[in-house]
Every structure is written in structure tokens, then in C-alpha cells.
Amino acid sequence: MQRFIKWLAVITSLDLLIVLLGGALVTKTGSGQGCGKSWPLCNGEFVPSNLSMETIIELSHRLTSGSAGILVTLLCILSWKYYKHVRETKTLAILSFVFLVAQALMGAAAVVWGQMPAVLAIHFGISLISFASVILLTCLIFEIDQKFDARSLIMDKKMKFHIYGVTIYSYIVVYTGALVRHERASLACPDFPLCSKNRPMPTQLHEWVQMGHRVAAMLIFAWILYAMILAIRHYKQQPVVYWGWIISFILVTLQAIVGILVVFTNASLSMALLHSLFISCLFAVLCYLVMLGTRSKVNAKEAASISKQTK
């Protein structure tokens with residue numbers, strides 16, 4: 001059964017990643033109304049008779065979201081049953097399921113009633129939490145903690161501050177990026193790093209949305225760089241923290257490069273999807289570090305208790 005659960009966890013993680021990228025594809029191609037205002041039917045039909053490209057994209061996104069719902073539900077039930085001895089299992093299972101349902105309902109509401117771009121931007125963030133929760137659940141199932149000796153990890157307050165701070169802030173950056181997509185502001189500023197050679201400062205809403213995201217992205221790049229330097233200096237003996245921050249910096253660097261290329265490739269589809277891919281992976285890594293941070297306090301108390309007993 002454990003082998004089956006491992007396969008299920010991997011397939012579920014991949015399916016949720018496809019859901020995230022599919023949502024970005026729907027937004028990028030303007031396929032949100034590919035099935036009209038019908039939900040769960042498509043243009044009022046179970047199998048649509050007229051298949052335009054927008055209909056195929058929207059319908060594919062609905063199908064992958066539906067399969068993800070089934071897989072996540074099954075994974076939550078089995079992990080709850082067979083891995084309940086691991087402290088975070090129940091919490092992650094609940095988060096995975098609740099946020100997947102929330103993003104499905106929000107997607108359905110957007111189709112039937114429509115939503116403002118500021119509200120639609122939350123949709124990606126909700127999906128991202130479900131994806132990260134399933135990734136963490138998968139890590140627990142594969143016992144990644146034991147391989148990195150993460151269960152005995154103790155971090156100082158400074159490192160935990162950076163972990164929690166960067167993760168929360170990354171969610172804000174994700175929202176600003178999703179808002180750029182939904183406001184159709186990807187090409188509002190044709191130059192980089194400033195908005196335009198003729199007008200360095202933004203003058204209208206779409207330009208402010210674009211430049212706001214750029215500033216937020218630059219700040220998270222600098223913050224992760226600083227945290228990585230701290231990890232390299234002080235956590236070489238803790239490989240999970242050491243490599244966690246190095247991987248985070250690699251991902252945020254790739255994210256920044258692709259973000260710049262989005263501007264200079266006229267917002268090409270491949271660059272837009274890579275942009276969504278890298279931020280999804282980065283958020284999952286940061287959430288894993290958050291989980292380690294919550295354990296650190298427990299580990300410190302246990303170490304102090306053992307120390308008192310030995311005295």
C-alpha cells in the first residue's frame with residue numbers, strides 16, 4: 001500500500017502542477033469563456049459540439065482540475081490513515097483538500113458570474129497553496145526528512161524570521177504577478193528595468209500594476225539572496241537549510257530572467273508558462289522551509305529537556 005501511496009503522491013503533484021499551468025494558459029489565451037457561462041457543462045453540453053481552441057483549453061483545464069480533485073481526496077484519505085504518526089500529515093491533508101475545493105468553486109464562479117481582475121488574481125494563489133501542501137505531503141510520504149536529518153534540525157530566530165518573512169512576502173509577489181496577467185498588463189511597460197525610455201515612471205493603471213510587480217520581484221530577489229548568504233555562512237552542517245536556500249535562489253533567479261524575457265519576447269506563451277512554473281516550485285520550496293521552521297521550536301524544546309535530564 002505504501003508503494004501505491006508514493007505513486008499516487010507523485011501523480012497528484014504532477015496533476016496539480018498541470019492545473020496551475022493550465023490556469024495560466026487559460027488566462028494567457030483568453031480562454032476563460034471557452035465554454036461560455038456554463039458550469040460544469042461546456043456551452044450547455046456534456047461533450048461540446050463546436051470545439052474552438054479556446055473551448056479545448058478551457059475544457060482541458062476543467063478536466064485536469066476534476067481529476068486533481070479526485071486524486072487529492074484519495075491522497076488525503078490514505079495519508080491520513082497510513083501516515084497519521086507524522087505530525088504535519090493531517091494539517092497538510094486538510095489544506096490540500098480545502099484550498100483545492102476553494103479554487104474550483106472560485107473558478108466556477110468566475111465562469112458563471114464573472115469577477116474583477118483583482119479577485120481573479122487570488123485564484124492562482126489559492127491553487128498554489130493546495131499545490132505546495134501536496135508537495136509537502138509527498139515529501140513526508142517519501143521520508144525526505146530522514147534523508148536530510150531534518151527532524152533534529154534547530155534554527156535560530158533570525159533564520160526563522162527570514163523563512164517566514166520571505167514565504168509570506170512571496171505570496172504577495174505571486175498576487176501582483178497574477179494581477180498583471182488578469183489586468184492584461186504584461187506588456188504595459190515595454191522596457192526594463194524602467195517602464196519606458198521616454199517615460200521612466202508609470203502614468204496609468206496598467207503601467208503601475210506592471211511596475212509594482214517588478215519592484216516586488218526585485219525585493220524578493222534581494223531578500224532570498226541575503227538569506228542564502230546567511231545559510232551558506234552558518235548552516236553548512238544543516239544541508240536541508242543550506243541547499244533549501246540555494247535552490248530557492250536558483251529558482252528566483254530563473255524566475256527573474258524569464259520575467260524579463262516575457263517583456264522582450266512580446267509576452268510569448270512559453271515564457272509566461274515558465275514564469276508560472278518557477279514561482280510554483282519556489283513557493284513549494286519555501287513552504288518546506290516553513291515546515292522545518294515550525295519543527296525547529298519543538299526540536300529545541302526536546303533538546304533542552306534531554307539536556308536537563310542528563311544533568
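Start at 1 and count along the chain as shown; that gives each residue its number.
Even glycines carry a Cβ here, placed using N, Cα and C.
Record features (Swiss-Prot):
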- 1-6: topological domain 'Cytoplasmic' (TOPO_DOM)
- 7-27: transmembrane segment (TRANSMEM)
- 28-62: topological domain 'Extracellular' (TOPO_DOM)
- Cys35-Cys42: disulfide bond (DISULFID)
- Glu58: active site (ACT_SITE)
- His61, His123: heme o binding site (BINDING)
- 63-83: transmembrane segment (TRANSMEM)
- 84-91: topological domain 'Cytoplasmic' (TOPO_DOM)
- 92-112: transmembrane segment (TRANSMEM)
- 113-121: topological domain 'Extracellular' (TOPO_DOM)
- 122-142: transmembrane segment (TRANSMEM)
- 143-159: topological domain 'Cytoplasmic' (TOPO_DOM)
- 160-180: transmembrane segment (TRANSMEM)
- 181-211: topological domain 'Extracellular' (TOPO_DOM)
- Cys189-Cys195: disulfide bond (DISULFID)
- 212-232: transmembrane segment (TRANSMEM)
- His213, His275: heme b binding site (BINDING)
- 233-243: topological domain 'Cytoplasmic' (TOPO_DOM)
- 244-264: transmembrane segment (TRANSMEM)
- 265-271: topological domain 'Extracellular' (TOPO_DOM)
- 272-292: transmembrane segment (TRANSMEM)
- 293-311: topological domain 'Cytoplasmic' (TOPO_DOM)
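The recorded positions near the residue listed as 'active site', taking a 10 angstroms Cα-Cα threshold over the set His123, Cys189, His275, amount to none. If you check the recorded positions Cys42, His123, His275 against Cys195 (disulfide bond), none has a Cα inside 10 Å of its Cα. For the transmembrane segment (244-264), same-chain residues at least 6 beyond its ends with a Cβ under 8 Å from one of its own Cβ atoms are 166, 186-187, 189-192, 214, 217, 220-221, 224-225, 227-228, 230-232, 235, 271-272, 274-275, 278-279, 281-282, 285-286, 288-289, 292. The transmembrane segment (7-27) and the transmembrane segment (122-142) are in contact, since at least 3 Cβ pairs between them lie under 8 Å (pairs 6 or more apart in sequence). Contact between the transmembrane segment (160-180) and the transmembrane segment (272-292) is supported by 3 or more Cβ pairs under 8 Å, counting only residues 6 or more apart in sequence.
DSSP classifies His61 (heme o binding site) as helix under the three-state reduction. The Cβ neighbour count for the residue listed as 'active site', using a 10 Å radius and every protein chain shown, is 25. Taking pairs at least six residues apart, the transmembrane segment (63-83) and the transmembrane segment (122-142) share three or more Cβ pairs below 8 Å and count as touching.
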